[in-house]
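Under the heading domain 'G-protein coupled receptors family 1 profile', TrEMBL lists 43-294. For 25-50, 62-84, 104-122, 143-163, 199-231, 243-267, 273-294, the entry in TrEMBL reads transmembrane segment.
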Amino acid sequence: MSTLSDSHINSSTFVLTGVPGLEVYSLWLAIPFSSIYAMVFLGNCMILHVIRTEPSLHQPMFYFLAMLAFTDLCMWLSTVHTVLGVLWGFMQKISLDFCIAQSYFIHGLSSMESSVLLAMAFDRYIAICNPLRYSSILSNDKIMKIGVAILCRSFSLISPAIIRLKFLSYCRPHVLSHSFCLHQDLLRLACSDIRFNSIYALFLVIMNLLLDAVLIIISYIMILHTVLAIASREERMKSLQTCVSHICAVLVFYIPIIGLTMVHRFGKHLSPLVHILMGNVYILFPPLMNPIIYSIKTQQIRRRVQRLFSLKAV
């Protein structure tokens, strides 16, 4: 056992963890996981295809939805090879460089999804609170600039913490908690001074996720204030219904990420199975649920999807 630990410590590779205690059933678990990854891929591709091919959906709200679907597809691409590789038995280890690169994309894309959800909240705020200026405020040119700003913000802020992972010493057994790499998981294995990474990670949580969440809440407080001032009950309900899909997407994103953060911070005594479960929910739940939410709750998307399937049936 000590020889195995020493080999992990001295090597530059890390062991990926599947589902602890259920290794015998990993092939059976691979089937539902493969199905979920297939649904994520097909669902988000369908959303992108519908928005691209339907001229009536070439509006700011749906451009932001396309950004969300693209982000979810990138998250799928970042994790599919390691998660399914471990379950199908094709992959057990990952190099440090590859691990750092994967953690960069996972955390960068997570920040990007938060930023897109904030942009979608801003879109709903303008549409309801300032409808006469909606098209001028959210022109195609400005949407493109918002997209570029989201991309730069998401991947530039995370860079210092991720780059520093390369220069840390990893003297503890190189066994990861998940079948993919996370920044906090690598810090757990390091024996160098990790104060910079810990403090900077907290700064990122405050400046990205927490700030975005607060701004989303503020936007909905102002939306609610405007909606309640509308005299007609029917118009109030119509205005609020345009926000239902976005509110569901926000909850689907923030609940798993808060749960995973709490497990990593305060759940060291919990079973490894809980860490694995929360990690996979964090990675898979938002990309899986977003296409379903928008296909069911958004009338324009639902009609176009129904038309798409009816054409294929014919």
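Each Cβ is built from the backbone N, Cα and C atoms, and glycine gets one as well.
Within the same chain, the transmembrane segment (273-294) stays apart from the transmembrane segment (143-163): fewer than three Cβ pairs sit under 8 Å, each pair at least 6 residues apart. Residues 16, 30, 33-34, 37, 40-41, 44-45, 47-48, 51-52, 90-91, 94, 102, 105-106, 109-110, 112-113, 116-117, 119-120, 123, 140, 143, 147, 150, 179-181, 249, 280, 283, 286-287, 290-291, 294, 298, 300-301 of the same chain sit 6 or more residues outside the transmembrane segment (62-84) yet have a Cβ under 8 Å from a Cβ within it. Packing against the transmembrane segment (143-163) from elsewhere in the chain are residues 60, 63-64, 67, 100, 103-104, 107-109, 111-112, 115-116, 119, 183, 196-197, 200-201, 204, 207-208: each is 6 or more residues past its ends and has a CB under 8 Å from a CB in it.
Residues 18-19, 57, 65-66, 69-70, 72-73, 76, 80, 83-84, 86-89, 284, 287-288, 290-292, 294-295, 301, 304-305, 308 of the same chain sit 6 or more residues outside the transmembrane segment (25-50) yet have a Cβ under 8 Å from a Cβ within it. Residues 111, 114-115, 117-118, 121-122, 124-125, 128-129, 153-154, 157-158, 160-161, 183-184, 187, 239-240, 243, 247, 250, 254, 257, 261 of the same chain, all 6+ positions outside the transmembrane segment (199-231), place their C-beta atoms under 8 angstroms from a C-beta of that stretch. For the domain 'G-protein coupled receptors family 1 profile' (43-294), the model's average pLDDT works out to 90. Tertiary neighbourhood of the transmembrane segment (104-122): same-chain residues 61, 64-65, 67-68, 71-72, 74-75, 78-79, 146, 150-151, 153-155, 157-159, 162, 180-183, 204, 208-209, 212-213, 215-216, 219-220, 246, 249-250, 253, 257, 283, 286, selected by CB-CB distance under 8 Å and a gap of 6+ residues from either end.
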